[in-house]
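Student: Below you will find the structure I want to go over with you.
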Amino acid sequence: MAELLAIKWDDNRDKLILLDQTILPNKIEYIEYDTAEGVYDSIKDMIVRGAPAIGVTAAYGLYFAAKVAPEDNFENFFKYLKEKSAYLDSSRPTAVNLSWALKIMESKALENKDKDVKEIKGILREEAKRIHEEDIEICKAIGENLITLLKDGVGILTHCNAGQLATSKYGTATSPMYLAKEKGWNFKVYSDETRPRLQGSTLTALELYEAGIDVTTITDNMAAMVMSQDKIDAVIVGCDRIAANGDTANKIGTMGVSILAKYFGIPMYIAAPTPSIDINTKTGKDIPIEERNSEEVTSRFGVWTAPKGVKVYNPGFDVTPHENITAIVTEKGIVYPPFEENLKKLFEK
């Protein structure tokens with residue numbers, strides 16, 4: 001069984017290599033990128049997906065923009081960089097890691113504005129690589145914190161893909177699963193298929209299966225059943241953005257899972273890199289929710305599954321109320337309610 005990585009960097013050829021997640025699990029193919037425009041398309045078309053992976057990819061995308069930016073003076077260079085940053089930021093509006101990574105790249109350019117533009121381009125290359133490596137370290141630390149809340153023999157339910165395929169490595173929600181596997185634990189994972197794009201069955205189930213982890217795929221409407229049968233001891237999901245009060249935007253269907261978990265008395269854990277926490281967003285009502293193409297709902301594998309022309313509502317995300325969340329687990333530690341107070345403390349450390 002092979003390790004699947006969503007993002008690879010070819011240092012010798014200066015190319016970003018992304019796993020095409022739109023054709024999984026039927027084919028495993030990688031696509032090479034070396035332009036900001038290509039990176040934009042990869043994010044928009046969900047070749048790469050998952051908030052952390054999107055952020056890392058965008059950082060490389062802005063480096064590619066910097067490579068072809070004007071070199072006559074810093075002002076013209078930075079103007080071009082800002083334009084391309086806004087362009088990349090528009091590819092997926094919900095994932096806060098996207099704007100976070102782009103702002104870091106912009107700040108790094110400003111910090112070095114007195115240097116030669118050619119030198120700044122090299123600095124941005126190294127900064128994108130640093131963001132990539134940092135994501136790996138963050139994911140492992142999240143797993144190390146999460147595993148303290150679990151025990152051998154645990155049954156875990158997860159929704160969508162907050163796994164290795166959504167990050168640089170380990171994943172967020174799946175990180176404790178990989179670490180538990182290394183420890184020799186016996187445990188089971190139930191993966192919601194996650195309509196309409198099926199990330200749970202095509203991505204999460206695939207990567208866990210390839211890693212030799214005991215994973216069972218269920219349809220989204222089976223979650224209540226497996227909870228009622230005492231198969232689930234913990235729900236662990238990722239996030240795309242967390243508001244200051246703890247409200248959490250994640251893949252559509254997560255809110256429903258949280259309601260079920262609360263009803264059955266099952267702890268609901270959010271695996272969250274700190275870049276996904278947006279202290280400037282007061283509540284979940286302030287988080288922009290992306291609406292996606294209607295055909296994601298009405299057709300599958302080239303076959304119509306609903307009447308052509310029928311009205312479709314297809315939000316890509318929903319917001320889990322903070323009241324339904326047991327803890328938010330970050331690389332810096334575990335955050336318990338009251339979230340508005342304790343999330344602030346997290347950034348004071």
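Indices start at 1 and increase along the chain as displayed.
The backbone N, Cα and C atoms fix where each Cβ goes, glycine too.
For Arg49, Gly50, Ala51, Arg92, Gln199, Asn250, Lys251, the entry in Swiss-Prot reads substrate binding site. Residues or ranges marked as site 'Transition state stabilizer' by Swiss-Prot: Cys160. Under the heading active site, proton donor, Swiss-Prot lists Asp240, citing sequence analysis as support.
Are these features on the surface or tucked inside, and what are their neighbours?
Tutor: Residues near Asn250 (substrate binding site) in space but far in sequence (CB under 8 A, at least 6 apart, same chain), listed by position: His159, Cys160, Ala162, Val237, Gly238, Cys239, Asp240, Ile270, Phe317, Asp318, Thr320.
Its own atom aside, the Cβ of Cys160 (site 'Transition state stabilizer') has 29 Cβ atoms within 10 angstroms in the protein chains shown.
Of all Cβ atoms in the shown protein chains, 32 besides its own fall within 10 Å of the Cβ of Asp240 (active site, proton donor).
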Student: What kind of secondary structure is Asn250 (substrate binding site) part of, going by DSSP in three states?
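Tutor: Asn250 (substrate binding site) sits in a strand per DSSP.
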Student: Work out the three-state DSSP category of Arg49 (substrate binding site).
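Tutor: Once the DSSP labels are grouped into three classes, Arg49 (substrate binding site) ends up as coil.
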Student: Among the binding-site residues Arg49, Arg92, Lys251, which residue has the fewest other Cβ atoms within 10 Å of its own Cβ?
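Tutor: Least crowded of the binding-site residues Arg49, Arg92, Lys251, by Cβ count within 10 Å, is Arg92.
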Student: Could you name the residues, excluding Arg49, Gly50, Ala51, Arg92, Gln199, Asn250, Lys251, of the same chain that surround the substrate site, i.e. Cβ within 8 Å of the Cβ centre of those residues, in sequence order?
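Tutor: Everything else in range on the chain: Ile54, Ala95, Cys160, Asn161, Ala162, Ala166, Gly238, Asp240, Phe317.
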Student: Using DSSP and collapsing to three states, where does Cys160 (site 'Transition state stabilizer') fall: helix, strand or coil?
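Tutor: Going by the DSSP assignment, Cys160 (site 'Transition state stabilizer') belongs to neither helix nor strand, so it counts as coil.
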